[in-house]
Structures are given as structure tokens and as C-alpha cells.
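Just below is one structure, and these are the notes that go with it.
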Amino acid sequence: MGFIGILPYIAEDYDVTIVQAGWLISLFALGVAVAGPTMPLVMSRFNRKTVMVFILGLFTLCNVVAVFAEDFYVLLLARVIPAFFHPVYCAMAFSVAAALARPGEAPKAVAKINVGVSAGMVAGVPISNFLAEQISLSASMTFFAVATLLVLLATLWLVPSMPAKSRMSYGSQLAVLKKPQLWASIMAVVFLNGSIFGVFNYLADFLSVVSGVTPALVSLLLLVYGLCNILGSLLAGNLLTIRPLSVVKAFPLATAMLYGVMLGGGSVWPFMGVLVVMWGILGGINGNINQYWITKAAPEAPDFANGLFLTAANIGCVLGTTVGGWFIEGWGTEYVVLAGLVLCGAAALVVWGQCLMMKSASGLRIQAQKV
């Protein structure tokens, strides 16, 4: 996530457009999307500590390559390769958290994982942005390399050996793909995540170009966004435990309203600062909704469902970044919010359609029981 804060600096240093720099986000997301359904299952046969050490070593190596990369496509390659191993960590974390939670409180447990993700954004995005502005782009890349190296050393020292207990059945996992509701949930997550990241991935550029914010204030607002993500994740855990369907139905409408206001008032930076707070909270809620919505559709295959969640979320990131890039190239940076509005509308149609389907199915079951 730290790359989001340095896209303008990458575009400048490597003499590419901001949209080309956005490939570092979208292609990473595409790699995660491709690997999401399969890699967690394939790697489940190996010792978990060994897998974690291997992945962290790969991340560290690629980050070191990024520090010294003089060609944009070398940087792009160093960014994309680790993407195929990223889902292994995430799917495992979500499944274990949900399994250890008390009955009915899985959303709260998963929310804690998302808090960790948000905390990483809180640290990574503004720090990388600050280092790129105050020192150099290479300093930002070095920060990523040092961070992954420290986690690697901590894993070697603190994590016990965790041999695989059993190999997962591919057939039983793949059987959930026969469920129409699951495919609808996948579509919903693609649009929901696209609606957030299609705009957020260009936030640093939007704040600079449209809002006229200084580089130092851009770093601060990115930090504020990340902190509000944590608040949103905590809030979502409670809301999804109490009123899950109401939260999911209201989310795309609330996000669309925010983008509508942002389209008219984004050029006024104090007002934009308030919108960043609200947007950050919605962004935190979004991650929890996405995970909940897919695993609810396939509770019998949690690991595979979490892999599908990662795939759908990252396809949404690719879609959103691409559509946002089209609006930027065609009309200008200020109109990137139109990408968010379009995808919010698509998400609302799918989610509300699903809710009507569930209500209809529930009514049919009640009638059948009476008969």
C-alpha cells in the first residue's frame, strides 16, 4: 500500500505518466487476483513457518531490487512478482481469525485483521510519501526493504514451526463455484472495492493537483486517511455483527454521496480534509464488507472463499484504477471521482439485487415449511 503515496514521485523520476505509475498498483492487484483462489491451497501442504519465511525473503529481495532499479519496467517486475504470494498470508489470517472467534462474532475477529492492514497503511503510505518528498524516492524504497527484513527476522525468531496438518480437497472447495449467489457476491466485491480504490489510488495526485495541497500536507492527509481506516474497520466489525444486510446495502449509497460532494468541493482543501476523514472511515468499512459478503455466500469453504475475496477485491482495484485512469486522461484529475460514482452505482445494483433474491428465497422457504 505504501506505493500509493509515492506514485507522483515515481512518475517524475522514471519519466512516465501518473497512469503508467498506477500500473505498480493495478498489476500488483492483478497478480493477487490471479493467485488468490489457488496459492493458499497449493501452499497449505507445507510448513507454515517455512512458507512465511520464504515469502518474506522474496518480498525483501524484490524491495532491494526496487531500491536500485533504474528502469521503470524493472521496478514494475520487482513489484509484481511478490503479488502472487501475497494471498497466502491474507487467506490464512482471515480463516484462522474467523475459526477462533466465538459463535456469531467472526466479523469482529476478521475486523481485527483488517485493523492490522489499516495500520500498515497508516505507517506505509504517509512515511513513504514523506521520505520521497524530503529525501528521495530511493529512500522510500529502502524503507519498504527494511520493513520486510525486520518482519522476516521477527518471524525466524518468534514464530514456531507449524507443519501442515492436512491437505485440502480441491474438489470440495471448487464445488462452491456452482452457487449463483457466490458469483453475485464476487461481482459486488469487484465493484465495491473498485469504487474505493479507483479514486483512492490517485489521492496523492488529486490532493496536489486539484486541492492545491502542499507535499507535507499530502503526507498528513494520507496519515489521517489511514487512521480513519482503522476506525472504520473497528466500526464495521460491530455493525456487521448487529445489522449486516443494512450496512452492506447502505454502503455504496453513502460512498456515492461522498464522491458527489467531493466532485463539487474537492478543490477547497480544508473541506477536502473533512472528506478525507469520512472517506477513510468508509474505506475501513469497505474491506470488512467485502470479506463478509463473499464468505457469507460460501461458509462451507472458508479458505477458498477468502481466496476468492482477495481475487475479487484486487480485480476491483485493477478495474477502479483503470477506469479512474481513463477519466484522468480524458477529462483531468478532478474527474477521477466519476469512476467512483460509476462503480458505486454498479455495486448498488448488484447488492440490492442480491438482497431481493435472499428475501425472496427466505419467503419461499417459509411457505414450503407451512405446506
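Even glycines carry a Cβ here, placed using N, Cα and C.
As annotated by TrEMBL, domain 'Major facilitator superfamily (MFS) profile' applies to 1-357.
Positions annotated as transmembrane segment by TrEMBL: 20-39 (among others).
Annotation comment: TrEMBL describes 51-69 (among others) as transmembrane segment.
As annotated by TrEMBL, transmembrane segment applies to 81-101 (among others).
Taken from TrEMBL, the feature transmembrane segment applies to 113-132 (among others).
TrEMBL lists 138-159 (among others) with the feature transmembrane segment. When Cβ-Cβ distances below 8 Å are used as the criterion, the transmembrane segment (138-159) is approached by residues 2, 6, 9, 49, 52-53, 56-57, 59-60, 63-64, 66-68, 124, 127-129, 131-132 of the same chain, each at least six residues removed from its ends.
If you look up TrEMBL, you'll see 180-200 (among others) marked as transmembrane segment. Long-range contacts of the transmembrane segment (180-200) within the same chain: residues 4, 25, 29, 206, 225, 251-252, 255-256, 259, 279, 282-283, 286, 289-290, 293-294, 296-298, 305, 308-309, 311-317, 319-321, 323-324, 336-337, 339-340, 343-344, 346-347, 350-351, 353-354, 357-358, each at least 6 residues beyond the stretch ends and with a Cβ under 8 Å from a Cβ of the stretch.
Panel annotation: around the transmembrane segment (206-228), residues 4-5, 8, 118-119, 121-123, 125-126, 129-130, 133, 199-200, 266-269, 272-273, 276-281, 283-284, 333-334, 336 of the same chain, lying at least six beyond its termini, place a Cβ under 8 Å from a Cβ of the stretch. The transmembrane segment annotation in TrEMBL covers 206-228 (among others).
Taken from TrEMBL, the feature transmembrane segment covers 240-262 (among others). For the transmembrane segment (240-262), the list of distant contacts is 104-105, 107-108, 111, 191-192, 195-196, 199, 272, 275, 278-279, 282, 285-286, 288-289, 292-293, 296, 337, 340-341, 344-345, 347-348, 351-352, 355, 358: same-chain residues at least six beyond its ends, Cβ to Cβ under 8 Å.
Only residues 6 or more beyond the boundaries of the transmembrane segment (268-287), in the same chain, are considered here, and those with a CB under 8 A from a CB of the stretch are 114, 117-118, 192-193, 196, 200, 203, 207, 211-213, 217, 221, 224-236, 239, 247, 251, 254-255, 258, 261-262, 313. TrEMBL lists 268-287 (among others) with the feature transmembrane segment.
Positions annotated as transmembrane segment by TrEMBL: 308-329 (among others).
Counting residues 6+ beyond its ends, the transmembrane segment (335-357) has Cβ neighbours under 8 Å at 181, 184-185, 187-188, 191-192, 194-196, 198-199, 202, 206, 245, 248-249, 251-253, 255-256, 259-260, 262-263, 266, 293, 316, 319-320, 323-324, 326-328 in the same chain. As annotated by TrEMBL, transmembrane segment applies to 335-357 (among others).
The list of residues near the transmembrane segment (308-329) in space but at least 6 beyond its ends in sequence, with Cβ under 8 angstroms from a Cβ of it, reads 17-19, 22, 25-27, 29-34, 36-37, 86-87, 90-91, 94, 182, 185-187, 189-199, 201-202, 287, 290-291, 294-295, 298, 335-336, 338-340, 342-343. On the 0 to 100 pLDDT scale, the domain 'Major facilitator superfamily (MFS) profile' (1-357) averages 85 in the predicted structure.
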